[in-house]
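The block underneath contains the structure these notes are about, expressed in structure tokens.
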Amino acid sequence: MRKKIVAGNWKMNLTFDEGQKLTTEIVNMYKDENIKDVTVVLNPPFVHLFPVKKLVGDTPNLFLGGQNCSDKASGAFTGETSAPMLKSFGATYVIIGHSERREYFNESNELLTAKVKQALENGLTPIFCCGEPLEIREAGTHEDYVKNQLTESLFGLSDEDFAKIVIAYEPIWAIGTGKTASSDQAQEMHKALRDHLAGKYGQEAADNTSILYGGSCNPGNAKDIFSKADVDGGLIGGASLKSRDFVDIIKSF
Ligand SMILES: O=C(CO)COP(=O)(O)O
């Protein structure tokens, strides 16, 4: 059975003190409010990983992830952070292929394949992001566009490796815009992606793959979005920076 996952992507936000405060609040609410059956992943900027890990400790079902990793294991790549480093600092997940990385850092589907491999080789679970820009949605070719992102970056994986992947569908026009996809739009895409995965890896593997929705998810719309059959959770940006909102989203299942 696939996991329900809510992951918070802090992006490039929060100082040390702010990160500590947010994490402490989330950990306390998480424990006090008896949250069960949801895997929660905090994805802070790299410099926060170690102190955030200390606060999270071994809270059950509360995990840490990176927002990116290098496609190389080590070496002279100034400014980069490798998958083995993330693992050694307590991360177990890593976001790969976020649309902001694709757009501002020119990350191609091919490069993302190498990053996914690095993550898997080092025991990290990739949260692989996909999603279409507005013009593609308006042209009506969004399903093919997003399926192609999965085909090009993931379909070289073995069955065994594919079983470790989490997918996050994030329509670019819904990210940080306050304009979320409707729950029906999310369901339609998630179902199309699951069918696409089934075509390559079989129905059972597709049914076991968690597909998260991301894009202006908040406590007011999460329940509706998460109620859809093929939506297995969320990748949360802005609302993950507010402890009450983030925990309320987690509790929306
Ligand atoms: O990009 C996102 C998460 O990775 C979504 O961001 P927002 O929730 O701020 O729209």
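In case you wondered, yes, glycine gets a Cβ from its N, Cα and C as well.
Just so it is clear, the model here is predicted, and its values are computed rather than measured.
TrEMBL annotations:
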BINDING   ASN9, TRP10, LYS11, GLY176, SER216, GLY237, GLY238  substrate binding site
ACT_SITE  HIS98  active site, electrophile
ACT_SITE  GLU170  active site, proton acceptor
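Checking the binding-site residues ASN9, TRP10, LYS11, GLY176, GLY237 against ligand 1, the ones whose Cβ sits under 6 Å from it are ASN9, GLY176, GLY237.
Taking the Cβ of the residue listed as 'active site, electrophile' as centre and 10 Å as the limit, one finds 28 other Cβ atoms among all the protein chains shown. The binding-site residues considered are ASN9, SER216; of these, SER216 has the fewest other C-beta atoms within 10 angstroms of its C-beta. All protein chains shown were included, and the count of other CB atoms within 10 Å of the CB of GLY238 (substrate binding site) stands at 19. For the substrate site, whose binding residues are given in the record as ASN9, TRP10, LYS11, GLY176, SER216, GLY237, GLY238, the maximum C-alpha distance rounds to 14 Å. Here the Cα atom of ASN9 (substrate binding site) is found 12 Å from that of GLU170 (active site, proton acceptor). Ranking the recorded positions LYS11, HIS98, GLY176 by the distance of their Cα atoms from the Cα of GLU170 (active site, proton acceptor) places HIS98 first.
When Cβ atoms from all protein chains are considered, those within 10 Å of the residue listed as 'active site, proton acceptor' total 27, not counting its own. According to DSSP, GLY176 (substrate binding site) sits in a coil region rather than a helix or strand. Sequence-distant contacts of TRP10 (substrate binding site), defined as residues of its own chain at least six apart whose C-beta falls under 8 angstroms from its C-beta, comprise GLY19, LEU42, ASN43, PRO44, PRO45, HIS48, GLN67, SER240, LEU241. In this structure, GLY238 (substrate binding site) is part of a helix by DSSP.
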